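Enquirer: From TrEMBL, here are the annotated features:
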COILED    268-434  coiled coil
COILED    491-543  coiled coil
COILED    598-654  coiled coil
COMPBIAS  457-466  compositional bias 'Polar residues'
DISULFID  Cys37-Cys46  disulfide bond
DISULFID  Cys93-Cys102  disulfide bond
DISULFID  Cys148-Cys157  disulfide bond
DISULFID  Cys160-Cys174  disulfide bond
DOMAIN    18-67  domain 'Laminin EGF-like'
DOMAIN    68-122  domain 'Laminin EGF-like'
DOMAIN    123-176  domain 'Laminin EGF-like'
DOMAIN    762-965  domain 'Laminin G'
DOMAIN    977-1157  domain 'Laminin G'
DOMAIN    1164-1332  domain 'Laminin G'
DOMAIN    1399-1570  domain 'Laminin G'
DOMAIN    1577-1750  domain 'Laminin G'
REGION    436-466  region 'Disordered'
REGION    1344-1370  region 'Disordered'
Amino acid sequence: MKCDAGFFFAYSEECLPCDCNGNSNECLDGSGLCVHCQRNTTGEHCEKCLDGYIGDAIRGPPRFCQPCPCPLPHVANFAESCYRKNGAVRCICKENYAGPNCERCAPGYYGNPLLIGSTCKKCDCSGNSDPNLIFEDCDEVTGQCRNCLRNTTGFKCERCAPGYYGDARRAKNCAACNCGGGPCDSITGECLEEGFESPTGCDKCIWDLTDDLRLAALSIEESKSGLLSVSSGAAAHRHVNEINSTIYLLKTKLSERENQYVLRKIQINNAENTMKSLQSDMEELAERESQASRKVQLAQKESMDTINHATQLAEQAHNMRDKIQEISSKMLYYGEEQELSSEEISEKLVLAQKMLEEIRRRQPFLTQRELVDEEADEAHELLSQAESWQRQYNDTRSLFPVVLEQLDDYNAKLSDLQESLDQALNHVRDAEDMNRATAARQRDHEKQHERVREQTEGVNASLRTSSNSLMMPRLTLSELDSIIKNASGIYAEIDGAKNELQRKLSNLSNLSHDLVQEAVDHARNLQQEADELSRNLHSSDMNGLVQKALDASNVYENIANYVSEANETAEQALNITDRIYDAVSGIDTQIIYHKDESENLLNQARELQARADSSSDEAVVDTSRRVGGALARKSALRDRLNDAMKRLQAAERGDAQQRLGQSQLITAEANKTTMEVQEATAPMASNLTNWSQNLQSFDSSAYNTAVDSARDAVGNLTEVVPQLLDQLRTVEQKRPASNVSASIQRIRELIAQTRSVASKIQVSMMFDGQSAVEVHPRASMDDLKTFTSLSLYMKPPPVKQSELAVTADQFILYLGSKNAKKEYMGLAIKNDNLVYVYNLGTKDVEIPLDSKPVSTWPAYFSIVKIERVGKHGKVFLTVPSLSSTAEEKFIKKGEFAGDDSLLDLDPEDTVFYVGGVPSNFKLPASLNLPGFVGCLELATLNNDVISLYNFKHIYNMDPSKSVPCARDKLAFTQSRAASYFFDGSSYAIVRDITRRGKFGQVTRFDIEVRTPADNGLVLLMVNGSMFFSLEMRSGYLHVFYDFGFSNGPVHLEDTLKKAQINDAKYHEISIIYHNDKKMILVVDRRHVKSMDNEKMKIPFTDIYIGGAPPEILQSRTLRAHLPLDINFRGCMKGFQFQKKDFNLLEQTETLGVGYGCPEDSLISRRAYFNGQSYIASSQKISFFDGFEGGFNFRTLQPNGLLFYYASGSDMFSISLNNGTVIMDVKGIKVQSADKQYNDGLSHFIITSVSPARYELIVDKSRLGSKNPTKGKVEQTQADEKKFYFGGSPITPQYANFTGCISNAYFTRLDRDVEVEDFQRYSEKVHTSLYECPIESSPLFLLHKKGRNSSKPKTNQNKKGEKSKDAPSWDPVGLKFLERNIPRDSHCQLSNSPRAIEHAYQYGGTANSRQEFEHLKRDFGEKSQFSIRLKTRSSHGMIFYVSDQEENNFMTLFLAHGRLVFMFNVGHKKLKIRSQEKYNDGLWHDVIFIREKSSGRMIIDGLRVLEESLPPTGADWKIRGPIYLGGVAPGRAVKNVQINSVYSFSGCLSNLQLNGASITSASQTFSVTPCFEGPMETGTYFSTEGGYVVLDESFNIGLKFEIAFEVRPRSSSGTLVHGHSVNGEYLNVHMKNGQVIVKVNNGIRDFSTSVTPKQSLCDGRWHRITVIRDSNVVQLDVDSEVNHVVGPLNPKPVDHREPVFVGGVPESLLTPRLAPGRPFTGCIRHFVIDGRPVSFSKAALVSGAVSINSCPAA
């Protein structure tokens, strides 16, 4: 069937209209989801705007979405999305934009978003900006880089600074020019050559001039670093031109803005004119309304006069009728008295008739008749006119909402227009400011350009002067010879100094190397001895001698570190001498260079001499004159050279001697330190040698005694724990409960922590063949049913040569039932092979690992892992290497041949023995072998880390012989030491973190995490009310911090979901706090989010990692900000503060943190689906040929898709339908038995598909169907199409699954059978891969109680009992009686959900409450009340009592989460208010006492608050009732703030007055027991009875349709009832599972009924619809329909009677209706004539009714 446009084909096989809010005309069949949304909308019903768009959110879904004004719509929109808040638009900017309206660039970007066509670009500083900053630092408008580092300069730091050379962009290696202060090539570093030729405009020759010119040029270079780059002035002119073009562009845009401003002004004027016309229209309408009202009042008055006149006429007519009757009676009497005949009577009657006609024709009577007729016509005319006015009045009233809506639209548009005008004005002002700033910068640039031009001219003049000076004649040969001789002498002196330096350097080097070698050798010896001790004493025991020995090892490691530091000091001294040697070599190089230069000068001088000889005398005279000047300059140069050489000698020799002296001192100090270390470590080394010998020998009783004592302590603790818990349960029930409960809870936590620490002790145990250990398995037995994986380290004893190299048969471990006859698994050595044994109920499966005999194993630990998936078993062996990372791996597989696939173990009947068994335990035959001899260490059981030291009992373990074996540092253990494992209860604490680093301008924390969990605490710092927390919520990071900010805590979160953490991969997390005002979150070196805050330093010294102690986490400061599952579960490594590493296991307060990162603990074997989620993968699996697969599931919902796969038209699916499991293979269905599997328990499904048969096994029930395609040739092959768990986006015929799926496996073509790791799946939609929040069924829990369940006490108060004829429930209120309500045998769910005893839930309606009327005594003088409460609400009434006028009162209520006790003293109010908040969802005890004019409040037995007022003589008398949980409408408003007058939302318990309990409420309104377990939406009617009366807007009359959904807990009860004053009624009720509708329409009763095929009491929701049209009534129950046609009432009256839901007061029931038993169960989605009914707005909620909260099970 094809529906028209705008409609879709629903599951009810009818066309329904699309709900797309007018934004689409197409929607999907079945679901009704809208497609092709228009006008920039999106969503399932086109109800929201696309990202980057915003709509009119004032009234419902948007009709039109326009681009976000961030900062300008259409032309400049740089927002991801936007929203309205307080009338203003708030923008969520793209990554490179910032500001409330994205009007500026974010840090690290530049540009002007307000300029049309401009965008924010990333700063490009060529990587030469400050590395401590996250973003490159540049001008936010121009992009010019600030603070170029690494000796660079330029607009983008793209070239080396003057005096430096290199590649500034790529290599980033700008180095200083080695040109003696002269210029060099900026790329190659080549010094610009000096020459005698005249320069041609280049400034390189200036450096050959005198030192004065050199210093002057250098100062110019330093002050004007950009001089060389602007010599021509082209760049400056280009920059000025760019500025001019920018100014011109700004002027153009400004003129456009002005035009827009004028246009907006015209629009505003038009809008004002429109508003004025609208206002005048409104005034005219108001005037018309007043005129119409006056006319209606006049017509009403005239109508009333007419009615009065008509009433008088009617009375006159009645009088006339009475007189006529009197005349008739007198006439008859007269006839009888006068004895007249009938003829005479007839004649007299005719005569009387004539007389009557004559009377009528007479004038007075005729006139009156005409007047009456005229008045009647006038009355009708007035009535019609009044009706016409009434219609006009109604039409006018109907126009009011339209006019108001239009006015709202105009107001909104005016607000937007005003906002746009404000923005435009701001933009104009900004543009003006920018223009002024640009003009100022232009003037500065012009001045600077002028200064540069003047300085350039000065430099050119200096160059010309230098050129003239260099025209002087050259030096003569004799003068040059003199200079060369002097230079040679100086060179000889320097050479001598060099030899002396080399001799001293050689001595120092020999001394240093000997000392360093000696220190290194000694450190190596110490390290070897420490490593030997560590291998012997490696342990994680927190209390034993093992830890002390490990600490000693750590001490020796510290000593070795000190020696290493001494080594580093000596090497530093050696480096200093090497640098001195390099300096001397440099001097040598310079001398050779000067020698070459001197030789060149000599050659030039000889050439000049030759030229001089051939010249004339005039030339000789001129040359002599010039030589004289040269000699003067030569002598000055020689003096300066001598001074320089002297300074060089003094400086180099003095410096070298000084450095040599320092090196000798450092070396001496290092030698002294080494001697001290030797002296300190000598006795320690001897002790270490002795300890090592003692440990390896029999003489180690002290150590073994300590270890044995530790084990005995853990064992004793294990034996004491059950007894302690039993005692705790007894004590926990005593008062005051909260304080004792808190202490008990703390004891429980300590026990759990002790267990956790014990399970992480990674130390082996030595077994001698007679010893045994019974271990706590820790893992849930349900989790072991389908999948079991156990790993351990194993070291068998070496085989003696005389034993033919074969290891004897030995028992290793057993996990199974106590009688060893049922199901179990174990490990043993048989025939020199490691053998894995498991039994699933009938026979053993043995899997021998024959590829690696035990006798060939190495003499150190190997890894053994045994695994079972369903009936498939596997054993692994990993043999590591001591010398490399190479490993040998061996695998052997097996399979159970029977039908069973579950290891069904009872937790009460399960034991776990390792190494041996006690003497009274008989092992099964396959494992009945001698005990193990060697060392064992447990690793993991499924996902849990386990240890032999977490034992229940230990047998025959001789401490003198059970020294743990040392586990060498093998290749596979290296990764374990580098990371830490947190199991959800452990945490690490680093105290005084500033001892390794200081908080600075940039403070950072770094850590790597790896986890599959959804929630967890990563880092936490606390200081009073200030805190910092890095948390993971739903897989994403959140940062909450408050450093004392005035605006409260700051929340930084990954709003764009950039970095998901919980994918079981390592992620690097960095928290950077910059400049004390900016918090930055970086994940995997990518910026995630940053946030500015008030400038404040970090006020912490300690940091908690992975969790924290309970007293920290439960503080009120943190409770509002931390996730529920607080402790981290997973792996961490690489924790750093300010780039300094911390070893978490060395911190003294670290608790429960283990070494390494076990891979098994990170596999996601389970997934939770919420009804809208699924996971999918594509792998090579053949589902239709030789397929086997299985999985566990848990759910409380009866329907849902568990697994789905489709290939073309062929489909394979597993689903739940009404609680049964159905497998569908190509249209052939195999269904489980009638058992319901939606009980909250774990169930296992195995499916197999073969050419002959399709088979389904649920738990241990086998079902099958033949394959109809058997015998046909059908080629199937595995492909990689998607398969789905938990639901599918392509299967509308199935509802998605709600619950857990775990331990799934398939037979594959490409690899062995193994459990699916859901973390590897390609699609994960709204799925949690860690937790499984499914509660067990209350029925199951009650059944488990058995004989230990407590019986309720019987009611001893006989006076309060009702008679046998009284109904079983109170129609007015509710009295909670302690009684056993028999369970309805027809119902799946218990009629009494699990609830807290004597505790009741209030809330749901504004006046939910209990009233207590009859009090035994007056409490006017002194009264003491006590009560227990639990809530998460901030406001609400808890207790209230007063007199009739409410002048005297006493109350306890919540205000802003704080408890307030208040009463009056005369005309004043005494108020006691708690300082802390108590709306934390925990139970609290409150005692509040009034004694005359003083009051006292005691909270949890710890906090006592007292206040008093001056006493008054006024009486204080109170009358009932006491209101509990709320007050009646209108009460308490006089004395209590309005927010706290409404009902308390939470649970109350145990109200007492002066020590006596107050029970038996006289009236109850919307109060139920305080339920435990999961809740869902719906209204719950309890067994104690109650009902809801709908408000008067919902009525039922002659024509209506009522529809609702029910989930009953009893097979009988009233559902809906309506009753009128004349006896007509409608009644819908259940009776023994049958739904009946009874109707009385004033003629007689008639009814119809439906007996559904599927019981209504099956724990699922069912839909009931009742339709009435006059005398026809139809009843629909799910898909079954029945109707009845009753008698037709000729004069029906539509009474519109009120509606009762869930019950009805007994006084309203007629004799024809049996007393109505109240309905027990849930009702939701109640609709009358298409209008949803909200029970929270009902006219009355009476009895035990919980609004909007329904127990799910």
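Glycine residues also receive a Cβ, built from the backbone N, Cα and C atoms like all the rest.
A TrEMBL annotation is a machine prediction, not a hand-curated record.
On a predicted model such as this, the values are computed, not experimentally measured, just so you know.
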Enquirer: If you count Cβ pairs under 8 Å, which stretch among 18-67, 123-176, 977-1157, 1164-1332, 1577-1750 touches the domain 'Laminin G' (762-965) the most?
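Expert: Result: 1164-1332.
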Enquirer: About how far apart, in whole Å, are the alpha carbons (Cα) of Cys102 (disulfide bond) and Cys37 (disulfide bond)?
Expert: 27
Enquirer: Check the domain 'Laminin G' (1164-1332) against the domain 'Laminin G' (1577-1750) for contact, please; criterion is three or more CB pairs under 8 Å, pairs 6 or more apart in sequence.
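Expert: Checked: the domain 'Laminin G' (1164-1332) vs the domain 'Laminin G' (1577-1750), in contact.
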Enquirer: Rank 18-67, 123-176, 1399-1570, 1577-1750 by Cβ pairs under 8 Å to the domain 'Laminin G' (977-1157) and hand me the top one.
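Expert: It is 123-176 that shares the most Cβ pairs under 8 Å with the domain 'Laminin G' (977-1157).
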Enquirer: For a three-state summary based on DSSP, what are the helix, strand and coil counts in the domain 'Laminin EGF-like' (18-67)?
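Expert: Summed over the domain 'Laminin EGF-like' (18-67), the classes give 0 helix, 14 strand, 36 coil.
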Enquirer: Would you find the one among the disulfide-bonded residues Cys37, Cys46, Cys148, Cys157, Cys174 whose Cβ has the most company, meaning other Cβ atoms within 10 Å?
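Expert: For the disulfide-bonded residues Cys37, Cys46, Cys148, Cys157, Cys174, the Cβ with the most other Cβ atoms within 10 Å is Cys157.
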Enquirer: I want to check the contact list for Cys160 (disulfide bond): same chain, sequence separation of six or more, C-beta distance under 8 angstroms. What comes out?
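Expert: When sequence neighbours closer than 6 are ignored, Cys160 (disulfide bond) has Asn151, Thr152, Thr153, Gly166, Ala168, Cys174, Ser186 within Cβ distance under 8 Å.
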Enquirer: Using a 10 Å cut-off on CB atoms, tell me which of the disulfide-bonded residues Cys93, Cys102 is the least crowded.
Expert: Cys93
Enquirer: Just to verify a number: CA distance, Cys157 (disulfide bond) to Cys93 (disulfide bond), in angstrom, no decimals.
Expert: 29
Enquirer: For a three-state summary based on DSSP, what are the helix, strand and coil counts in the domain 'Laminin EGF-like' (123-176)?
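Expert: Helix/strand/coil tally for the domain 'Laminin EGF-like' (123-176): 0 helix, 10 strand, 44 coil.
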Enquirer: From the disulfide-bonded residues Cys37, Cys46, Cys93, pick the residue whose C-alpha lies nearest to the C-alpha of Cys148 (disulfide bond).
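Expert: Going through Cys37, Cys46, Cys93 one by one, the Cα closest to that of Cys148 (disulfide bond) is Cys93.
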Enquirer: Could you measure between Cys46 (disulfide bond) and Cys93 (disulfide bond) for me? Cα positions, answer in whole angstrom.
Expert: 23
Enquirer: Between 0 and 100, where does the mean pLDDT of the domain 'Laminin G' (762-965) sit?
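Expert: The predicted confidence over the domain 'Laminin G' (762-965), as a mean pLDDT, is 85.
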Enquirer: Per DSSP, what is the helix/strand/coil residue tally across the domain 'Laminin EGF-like' (68-122)?
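Expert: The composition, in the requested order, is 0 helix, 25 strand, 30 coil.
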Enquirer: Between the Cα atoms of Cys93 (disulfide bond) and Cys37 (disulfide bond), what distance do you get, rounded to the nearest Å?
Expert: 24
Enquirer: What does DSSP give as the helix, strand and coil breakdown of the compositional bias 'Polar residues' (457-466)?
Expert: 10 helix, 0 strand, 0 coil
